[in-house]
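Written below as structure tokens is the structure these notes are about.
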């Protein structure tokens, strides 16, 4: 039982008397009870941490200790306090690349150990998702071939939008890749070369929103292009930070050597600290 930790006194609720608050107006004839969103105090947060530490994830039981808060609210607050949900940092990506870039079988990965290497507290689910969508060695991160696109259409016709099953059947594409390919490219997509006007609009939109907000960039441009098309166009052809100079023999030899070791183009790029685009590196390695 949880009786060892004294319960917090219930918060006052609206009554039939004419009581006014800063957030709700009551009437004497027809009183209403308003649900007021309250921030968590340090005391309540500490109480929650103690409860979880001692009794585990008994969210429904914990509602009696925090009147007015649902089990979902309590669970969400706990994870917001104990797990970081911000974007992955470059440091984190390098750590995960180092430890996960050659592993093919998720069952053989010690996820708790991997989590301990990270400077931020991440959930194992998020780490697994990052591995599946960004690091997994079997993934094909290049452009979709016609045969892949046709295979995806066949699988969607058979399995609907069961992206987990579809990804497994594809073998070389993640759930996110399959979902995004269908949502942003197959259903509605403008094809062909980019016009001068498109390039100018894309460059201006990136200057406004940055290189991590292509959903907003697409909306700003009111473009029929997919997010993947816009990102690829900018990263490979418009980004002023990308090195497009001719490859030296030494540079290409190093890239080939590292790819033989790491089996992952993104890992090679990080290791070389290269400003080459992924597409450029892929073409060099393909033609070696």
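Glycine too: its Cβ is placed from the backbone N, Cα and C atoms.
Curation plays no part in TrEMBL annotations; they are all automatic predictions.
Between the stretches 1-28, 29-56, TrEMBL puts its region 'Disordered' entry on 1-28. On the 0 to 100 pLDDT scale, the model's mean across the domain 'HTH myb-type' (37-86) is 83.
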